[in-house]
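Data first, discussion second: the structure below is written as structure tokens.
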Amino acid sequence: MRGIAAFSVFLCHYFYTCFVIAEGWGSGGSNYRFLKLPIIRLFYSGPPMVCIFFVISGYALCLKPLKLIHSASLPSSNSSSSSTSVRTNEHNHNYSKLLETLSSLVFRRGLRLFLPPAISTFLIVLLLRLGAYEWNRDFASDENFLRNVQEIHYERFDSATEQFVDWGYAVLNFVHLWDWDEFAGSTGIDVHLWTIPVEFRASMVLFLTILGTARLTRRVRRGVVLGWCGFAFLWERWEMCLFWMGLLLADGDVVREMETRGEKEGRVPGGFPAERSGGGGVLPVVKPVLARTGDVMLQQQRHRQRRHPQPHQQETTAEGRDMSSDMSIVGSEDKASHCLSHSHSSKHLPTFTRHRSGSEPLLSTALSISHPLYESTRSPSPQPPSETTASLPSPALLLLISLYLLSQPDINSHLTPGWITLTSLIPHWWTEHYRFYQSMGAVLFVSSVSRYPSSANSSSYGSGPGSATISPVSAAIFSSILNPKTLFESSIAQYLGKISYAIYLVHGPVLHTLGYTVMKFTWTQVTGTETDGQYVTGFVLASLVVVPLVVWVADVFWRGVDEPVVRLARRVEERVVVVGGL
């Protein structure tokens, strides 16, 4: 998800130099082009993608700390043999690990966020001194070519010393901790990097939030965080609302995972005795997978065991797989869950798949619904859907609403059909009107997408108690068209996720050097700009070179700078941290 969002931000900064893309379809009685329609416009819209960035960052940064918090609140799985002192030691150990994790996140966050931009802007200064920016200085301000936005094409000073001193001051200002104003800390060397200081400031508040609410019950924690979201809303701090909402979404996922583990290990249903009435999380709904032939054989084996019981025999499938574990968790590995925000892909939004093997009636119900061979032997009464499933709207409906809200035009939404009434409802103190519904849409988007099954298990979507069986043909159609995870779990999206931070950092200098050179060549030597058709054709031809060029340079930067910075931050921490200091 982050990779595709970063790619859309690049397209936004590429397109808006030549075309008016910020206004909505039909705005002011014009702008009736197909690409400006709601949802269609999202593939080149930058501001909604920034909102998605912040929700994902809040989610990913909180996932591992929240796992440790909830582990500390779980009762012992073997209460009959565990003393109070042992349970206390276990809880203290989890809280100690929590402090260690938070300390590591805070220590490495600055290096992770600020060192790559410092290197990328230093490379821009080198390009300036080598004259690469001078190739296109006239082109960068020529309205005949760049007809909408002319970005700052950074100046070349008379001396190299003056140039590098200016870069040093820019980096110091970029590490901006003291001002929450709009675009605070941004630099003219690369105007696209303004979100990085925002990420850092919001991350620090998020870590403080985790620490301050670590010992609260889940209900109180959620209430406190929601209260802070409301307070931030009153102050138009939309970025903090998004980070905190990412925390709440992650909290819901962690609780669901812990509750399922508790049921498997024989704990009280719900896993959290003091919080059972709080319900499940707000993200993925647990769905039973379609039964396999091996499951029918397992059922027959159990029938034989009831007639000829054998003590202490381990239950296995026909293939010999251990059935004692009833939960497979996709994309929630610890080492992935606490990676820093700009290298996350959609796998950080875990999907849970329940293999019902803990009790005979549950397995029988799943088989009777999903496997025709078993339906002829047993037809139990249908089970009602779970409380969580029944109380949540359809993920498809949420997805559609979120995409529409994300499509709020950046400019003149009050003049855009479909947005006039919605814009009138925005509180008067909100100065950045376009952030209002885009922020809501980002939260709903992450939540709705994560409630879909993994694309590998899409055939099981909708199967299980209280759901109709999906035919193989319908499942294939759902998997390839209707399931958004098919897109986000594709190899292309996964690759873009790896290089997402690099795309964000290098697309500016690539556009201002090689990109402008290619665009100038196509317009002056190939198509011309006399008519709109010639202008658009020249832009499309240039894109065939510029877009792959940006991806290639981002790949080089990712391998040569971004990944080494992550390893460097880890090594520095290992060298300076006192072992057993917490």
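Backbone N, Cα and C define each Cβ position, glycine as well.
Nobody curates TrEMBL annotations by hand; they come from automatic prediction.
As recorded in TrEMBL:
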COMPBIAS  301-310  compositional bias 'Basic residues'
DOMAIN    1-250  domain 'Acyltransferase 3'
REGION    298-329  region 'Disordered'
REGION    339-358  region 'Disordered'
TRANSMEM  5-22  transmembrane segment
TRANSMEM  42-63  transmembrane segment
TRANSMEM  113-132  transmembrane segment
TRANSMEM  191-212  transmembrane segment
TRANSMEM  501-519  transmembrane segment
TRANSMEM  539-561  transmembrane segment
Region pair the transmembrane segment (5-22) / the transmembrane segment (113-132), three or more CB pairs under 8 Å: no
Contact call for the transmembrane segment (501-519) against the transmembrane segment (42-63), three or more Cβ pairs under 8 Å: no
Contact ranking winner - 113-132, 191-212, 539-561 against the transmembrane segment (42-63), Cβ under 8 Å: 191-212
Stretch-averaged pLDDT - the domain 'Acyltransferase 3' (1-250): 90
